[in-house]
């Protein structure tokens, strides 16, 4: 007989996989072991015990053996003796029945009756139990054996266990306990900032990733102290870094598909179907396991008898085992149905770390999907602590804090130079994103002109910043930077531009008001009315050299501090994010303004206060709610106005007074509802750029030929059917945007535009292109924006010239 301990082999998987087994899989595995025991026990008994014991029947009625002669006599007044040639004698007392059969005949009868008359369910019951149990085990463990899933599971478990046991995770939890049990007292704010000023230079980064956020009072205190505990050694740090890389690659690989989820779902469905099948036929056939079996076989010529009464010795035990087996299958099936319900009820292909993000400092922990999410859901059924610890290695903030342990060694000068880029202003800039601090090697980049610090909490600018003699621009995006006195003295004399992006107004460092040489200030964040009191600070009024002020916020009116510094401003830009801006009379005080941008301020009319700003050269009223611009007549007093941007509004028509703006060089009226262009517009003879795209125009007036200085014309996405010949008198045209109209043809006079470098024709009803396009000497194939089949209508020599021009440029 097989030892019970050997049966565990069929149910046990690799020990490491136990964390992927929810409680229902554990239950079903143990139930399967019990089922195997039933099968082995029943099969062993069937092999070792007598299968059937049969005796001939002397009294037979209708092929049925009567229990006694009296029963036979009562049922048959004229008895017959079909099963024997011997006449029965009256029962005169208890006498035995003797048969003249030998042992071999009995064995033969037992075998024949067992094979032919015993019901198949009673005969094969142990083997059926064994077969069904093996199928259950195969379904439960197939995903651990199938190569496409087992490889992912093995890799996942390996990484998960390493992350769980990583010193980085352990020290992070220890740091959390320290922070909770030993908060800094509130009164140490002043002492900490004064007595430890020198220690804040090149502040050591925390060695651990705290699992809980610091208390609000600690953040408000702004204490910067040196962490002396929890520093990983180099080997542990490298191991943790390698884990981060493994997690990234594994996540990228596993999130591509959902084969693990689908296979687990299918094997669960198969088990439910199998359960229903077993219950249906087992309950139906279990009553066929009987102790007494009548056996009628045609072997009278061999034994002298035709009917036998047989006993099935294992019937009672098999019926008990069958009942127990049915109860186990029912329990097994209920667990499988619960598993299926769990999988259908929950979105298992998405896993959110929202709770961990809320209770920790890892607000950037990404949600995962597909097989990665499903495996994490299974892990949560085993122990949610695994996924919480694993989440540390999904956070970029956590990774950056780990790097900070050896920041100066990792961020070598050569590595930082590789991150240097040229911005749009052709300045050399370095962007540091989500680090734990500023590497000391940054201050060896003496050629650096722009330094961007984004999402760097609790950073302290050290005195060594004075080495960056070329630094003129600093960006602080969600970075409440502290600064030491020598560093502030350097920035006060050298910094020219400062960009600050914040969520809370308190993130704006107070030391910026000491930057007396500052010329540009960009503020992006919440500056609503209830927060205005925070920015009415006398220090900002000391920025006497401020020339450019950009505000991207949700103001209801201009803060007083803006008005105070506006006397010497040259450029003011307000992007109000769709909030209505009222009370603009204070603009009159900004007499030195040359550029004014009021973007997304929900303006319905052009503010009258603008008309008194006689130095204005550019006005941008993008994305407001302008429906009429009758006030444009007052722009004639702005003699220096060269650029007017009224785009992304709801303007229905252009007033004829626009012709008074004779100095206008650029006019943006795209994304409006204009249906007609007044002739007076073409009195603006200095126009070089005219954008009327995305309107409702149906034609271009012939007077457009008056714009002899026009270099760029855009009428994309209108309903223009034809181009006036006068358009091609604008010989200085370099770009002509005509896409998405209803043009039927392109005039051959297009060849007269000898300065044309770009023409857009896509989305029209053109059937062919004029050959005269080849007469535009500066036009290249890349500058001809048109459908490929339409381009093919050009003669080969024209196409060849356009292609050749592109190649020559390359």
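Heads up, residue numbers simply count up from 1 along the chain you see.
Each residue, glycine too, has its Cβ placed from N, Cα and C.
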Problem - Among 83, 660, residue that the record in Swiss-Prot marks as N-linked glycosylation site - result: 83
Exercise for the section: From 66, 191, name the one Swiss-Prot lists as N-linked glycosylation site. Expected result: 66
Exercise for the section: Check whether Swiss-Prot assigns residue 18 and residue 65 to the same side of the membrane. Expected result: no
Exercise for the section: If Swiss-Prot is the reference, give me the range from 243-264, 265-286, 287-308 marked as transmembrane segment. Expected result: 265-286
Practice task
Run through 75, 84, 202, 792 and tell me the one Swiss-Prot describes as phosphoserine.
Solution key: 202
Handout entry: Site from 80, 200 that Swiss-Prot describes as phosphothreonine, others unannotated there
Key = 200
Handout entry: Close approaches to the repeat 'LRR 5' (493-515) from elsewhere in its chain (Cβ under 8 angstroms; 6 or more beyond its ends)
Key = 452, 469, 471-483, 521-527, 531, 534-535, 537, 539-540, 542-543, 548
Completion exercise
Averaging pLDDT over all residues of the repeat 'LRR 7' (543-565) gives 84
Practice task
Inside 10 Å of the Cβ of residue 103 (site 'Required for anion selectivity'), count up the other Cβ atoms and send me the figure.
Solution key: 7
Handout entry: Tally of DSSP helical, extended and coil residues in the repeat 'LRR 5' (493-515)
Key = 10 helix, 5 strand, 8 coil
Completion exercise
Across the repeat 'LRR 7' (543-565), DSSP labelling yields 6 helix, 5 strand, 12 coil
